[in-house]
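Notes for the one structure printed next.
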Amino acid sequence: MLPQLAEKALPIVGAVLCLGALAFPYSVAMTNVMLGIALGLGMLSGLLWQGLLELWRSHRNLAGWMAAYFLLLVSGVLWSLNMQFGLETAAHYWFWLLLPLMLAVMRDGVWHRRFGLALSVALTLNLVLCVLQRFGLYVVENSGSWTENATGHIGHIGFGLIYGIWAAWLLHRGWQRRGALRWLAWGLAGWSWVMVFAAQGRAGYIVTVALIFIVVAKHTRLSLRTLLLAGISVLLLGLVAVSSDAGKARMQDTFEKVQGVMEGDVQKADPRWSFWLIGWEAWKQHPVLGVGTGGYAEASARLYEQRPDLVYSGLEKYPPSHPHNMYVQVFSSWGPAGLIVLAGWLLSWIRCGMRMELEGQRHAIVVTLSGVAFAVDSIFSPTPEQHFSGIFLAMMLAFGMARTEMDVKGEKE
């Protein structure tokens, strides 16, 4: 009965997931509604449970580390310095249930292609919106997005990660195609890179460059000429970032803050530096289990009073709710165990992608790219908890891991 119900529900769930992908760059509310409906239907029809079994059978190492992470996340609420905020933090991870659901739905190659197309169309149209925003023709009411930092409704925190992964995948797909399709893929990738470097998310710059080199390394023998061309391309993209007055100011600000870190001067360094130090001090006060899930916010408020030397000038009344670094966050929240589990999750994610690439699965590189992006972006942001970043990573992991009928047929042959 349950398999029959799942079969009947599959096209409905697939269509709702595609609608969620179309809404993804523009509306948090609409995306949540569509994905929530898809998850509800997946639970009732059994598709979600089929996906969980597939995840455990085919990717046991990754599934085990993810389970350990989410176990720490939930149990950490019990010893949190702020249980209410801990529950809110844990609730932010709901969209990771998309992974098993999408694995079940995307066994059907038709829905795999449709989802990829829907997401690509949405991201392409969002680039148009960003260009309009850049020229003042479209206004976005978002504190992380404005005319000189045109990142649409996504905002600069997740923009570089999302478009860095998508552009790297397009670069890869373009290498596999010829003629107009190749130039279309590469044109969209180039457009994405320009918009990433024209925005003000420095983490996005690093993620984008890292993923470009991974794809280039995959498709070439990394000759001196290839490295030179790649370096020149990255340099040109960097020049785009500093061509405007805002870009020049951003780079100057970056150099000054790096100098502040080297000198150990909190006031000259980036505010994140003080947030990281607060995370370290918070763990020192609770060295066994940490401050618990969501406990960093309460710990930072207390340390603002106890250690004014750690407070960045101008932020005395605004203790941070997270340290803008996922490694610091899990370390301060759950102690060394948290750092070990996060590292295990990331390494198993990247290894999973590399293994699937060796097995010849067509979209496995998406798993590798998203895993590397996750690892790099987490240095600057609570990546898996962010709406846009977290949902996109869950989508890309599922998209790359999905074994369609064509993959299964190829394995049998």
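Cβ atoms here come from the backbone N, Cα and C positions, even for glycine.
Just so you know, TrEMBL annotations never went through curation; they're auto-generated.
Sequence-distant neighbours of the transmembrane segment (33-50) (same chain, 6+ residues past either end, Cβ-Cβ under 8 Å): 2-3, 5-6, 8-10, 12-13, 16-17, 19-20, 23, 94-95, 97-98, 100-101, 104-105, 391. TrEMBL lists 33-50 (among others) with the feature transmembrane segment.
Through the fold, the transmembrane segment (62-81) approaches residues 55-56, 87, 89-90, 93, 96, 289-295, 298-299, 330, 333-334, 337-338, 341-342, 344-345, 348-349, 352 of its own chain, all at least 6 residues removed from its boundaries and within a Cβ separation under 8 Å. What TrEMBL lists as transmembrane segment is 62-81 (among others).
Annotation comment: TrEMBL describes 93-110 (among others) as transmembrane segment. Remote same-chain residues near the transmembrane segment (93-110) are listed as 6, 10, 13-14, 17, 35, 38-39, 42, 47-52, 54-55, 66, 70, 73, 384-385, 387, 390-391, 394-395, 397-399, 401-406 (criterion: CB distance under 8 Å, separation of at least six residues from the stretch ends).
Look at TrEMBL and you will find 117-140 (among others) tagged as transmembrane segment. Same-chain neighbours of the transmembrane segment (117-140): 18-19, 21-26, 146-147, 150-154, 162-163, 166, 188, 191-192, 195, 198, 395, counting only residues six or more beyond its ends whose CB sits under 8 Å from a CB of the stretch.
Under the heading transmembrane segment, TrEMBL lists 152-171 (among others).
On the 0 to 100 pLDDT scale, the model's mean across the domain 'O-antigen ligase-related' (191-342) is 79. Feature annotation from TrEMBL assigns domain 'O-antigen ligase-related' to 191-342.
Here TrEMBL flags 203-220 (among others) as transmembrane segment.
Taken from TrEMBL, the feature transmembrane segment applies to 227-244 (among others).
Under the heading transmembrane segment, TrEMBL lists 326-350 (among others).
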